[in-house]
Amino acid sequence: LLQVEELEEKLLDQTQEVERLRSELGATDLEKQLERLLVENERLKQELKSCRESEPPTHVSVLQEVEALRKEVSRWESRAQQREQRLAEVEEELKEKSCRLEALQQQLDESRRRRTDSERQLHLRLQECEDELVRRAAAPSRVKVRKTTDEAASVLPQFVTQTVEVESADSQKAVVEMQVKNGALQEQLSAQKQLLRELETQLHESQRTCTQLRTQIHVYEGEMQRAQGQLEAEMQNLEEEKNRVIEEAFIRAESEMKAVHENLAGVRMNLLSLQPALRTLTSDYNCLKKQVQDFPSMLDKAISEAKQEICQVISDVSSTNQELLRKYKREMNLRKKCHNELVRLKGNIRVFCRVRPVSQEEQDSADNRTMLSFDSDDDAILYLSSKGKIMTFELDKVFPPQASQEEVFQEVQALVTSCIDGFNVCIFAYGQTGSGKTYTMEGVADNPGINQRALRLLFSEVTEKAPDWDYRIIVSMVEIYNETLRDLLRDNPTDKLDIKLNPDGSGQLYVPGLTEITVQSPEDINKVFELGHLNRATACTNLNEHSSRSHALLIITVSGLNSTTRTRTQGKLNLVDLAGSERIGKSGAEGSRLREAQCINKSLSALGDVISALRSRHAHVPFRNSRLTYLLQDSLSGDSKTLMMVQVSPLPGNMSESVCSLKFAQRVRSVELSSSSSKRHENSSTSSSPTHDSLDSPPVTPVPLPISRASSAGSTLSSASRTPSGSRRRSQSQLSAGKRAHSRARSCAHSAIMALTSCCRCLIHPFSSVWF
Ligand SMILES: Nc1ncnc2c1ncn2[C@@H]1O[C@H](COP(=O)(O)OP(=O)(O)OP(=O)(O)O)[C@@H](O)[C@H]1O
């Protein structure tokens, strides 16, 4: 029992210790510290947030610092979270230990209760034993106790103090029973002892566990203190950092505020100066506002007035238009008549001469003298010295060697543009081989001749007239070789073409199967020339030789439709590079060369005959005598115009050929001059032209053409000096003076003709300010 009491006391101590520990663990400083730390952490977070909100980052470095601080804070936050987690774990362990302590306490209570029970049973048993002993003692002893029960004496020394002599069977039986009971009690006692030992063992274990728990608690307390110290230090650092950042931000904010204040002062000053302007603007605005309010009514009024004016103007314009249209039609007729008159005055067929320059190779050769000379006062005279004689040739225009392609074209461009007005035009290049026919007509790549320039001019002219006229330009290219007609623009240029009468009954001629290409741009022109040149080259073995012996024709048809009057026009421009003329008179040729010479001879003389017949106004014109004249019949007859460009070589070696060419030109021209002079005379004899009678415009004075000075073909100064001496003989000086006067008169006539031409060209535009 004493041991039990001791154990009880120990248990009590243990329980008190556990209670103390539990009370310590239940509301420890650690938890309080943890709570405080959490609260502090939260407060810092709030402060940081408010700092961030109240101090907008105005500078990059501040932003970076704040970012670094944020990182630092988040790092510390994560560490605090780790600590919190660790604390939670510790708390969890403590709870576990508490549970175990409670279980131990329960076990202790249980063993205490069991011990109390066993003690009570023992007391009861002992009471029973004492009662039995008293009862036995009170009963007459028949039993002589002979033997002392040592065991009972050892167990119950205080109760069994005397030896009893057992004599009876009952006593003996009772002794046996008592012994049995005693044995049972001893067993119970040993069981109690065993239980006590177990309890002691459990108590030891509990003490050991308590010791371990204390140790752990000490360790945790140490850790907590360390963590708390670190946290406090970090909080301190953060606090300092925060203060520093706030300080810096405050300084920056102050400086910015200062700048803002300065700006504000400047703005205030500006505002003060702007106020008068604002007042002015306000008054202007009010004024404008009033005007805007009045504007609709003003606008309506103006619109109605404008409408009335427009209606008036439209009716005026419409009547003016009618008048203009009437005048335009009348002027077109007048222009046509004027043109006819002009052509009649100038002659339908004009003859120019171009002398080619001496080439570099020819200059180097021995015979490089030129036997041609020009009249400085008259650009229509050409002198040719031969065998001591000077021959004078008078043509419409003579181009010296230095004349450029542009100058030549300027003289022919009036003819070219007349084809837009519906006239047929022929331009021939005539002369011996190498005299410059191809150069004049085709030119070279960087200096084109009449062909390309004419097409380009036509393009520019039709483009200019585009608003009123719709023009179409069609190009064909043919070659006549040995009286055979070939199409130079078809795929197979060796095919022979025929000239036939048009089956429509118009009496016009046409070439079946002739390729006609509509050109729409200068690029198209280049392509056409390239194709023609290529085909001409592929049809022969030697292009130069071949070109000397064939006629090349570029036929340009210009069709127009006037969008106002619906008038249609169609003109044809024929640009002909003739075969070399030197073969005409050459004899001795045989075979193919003879045939070539015959063909060339035939066609050139037929051309001469046709021109002669036309100028002489013969009833019959022999167009059919050659392919060339037959093909050009339409373009040579009627009110068509022809220009013969006679090409001449300046070298003495080509003298005879040059004389032949110039004589041919002179003959052609003299026919025309005589014809036109008679006509002009007829016209001048009448009081007024019927053309002018029908017009309101002022009459045109006929241009005085130098018709009286026509010298016969091949006339020379020597022949002139051989004329009868009498009244018509003139001295050399008189002749020069006459020539000068003649030149002046001629140049006046030329200017007048040019003026007349330009006037006629003005008439073609319906709204031109210049009226004939
Ligand atoms: N006005 C000129 N200016 C410069 N060179 C010219 C002129 N006229 C002709 N030539 C040159 O003279 C040479 C012969 O000219 P071109 O070939 O035009 O003669 P052609 O009469 O057409 O000869 P063919 O009848 O053989 O075709 C060429 O080299 C040409 O460049």
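Think of each number as a place in line: the chain as shown, counted from 1.
Every residue, even glycine, has its Cβ placed from backbone N, Cα and C.
Because the structure is a prediction, the values reported are computed rather than measured.
Averaged across the coiled coil (4-121), pLDDT for the predicted model comes to 76. Among the features that TrEMBL reports, coiled coil is placed at 4-121 (among others).
The annotation coiled coil is assigned in TrEMBL to 182-248 (among others).
According to TrEMBL, the domain 'Kinesin motor' annotation covers 348-671.
Among the features that TrEMBL reports, ATP binding site is placed at G431, Q432, T433, G434, S435, G436, K437, T438. Around the Cβ of Q432 (ATP binding site), 22 further Cβ atoms fall within 10 Å across all displayed protein chains. A coil conformation is recorded for Q432 (ATP binding site) in the three-state DSSP classification, outside any helix or strand.
The feature region 'Disordered' is assigned by TrEMBL to 672-742.
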Number of Cβ atoms other than its own within 10 Å, given for G436 (ATP binding site): 21
In sequence order, those binding-site residues of Q432, T433, S435 whose CB lies under 6 Å from ligand 1: T433, S435
Lowest local Cβ density among G431, G434, which the record lists as binding-site residues, within 10 Å: G434
T438 (ATP binding site) in three-state DSSP notation: helix
Same-chain residues at least 6 apart in sequence whose Cβ lies under 8 Å from S435 (ATP binding site): R356, Q647, V648, S649, N654, E657, S658, S661
Intrachain C-beta neighbours of K437 (ATP binding site), sequence separation six or more, cut-off 8 angstroms: A429, Y430, G431, D577, L578, G580, M645, Q647
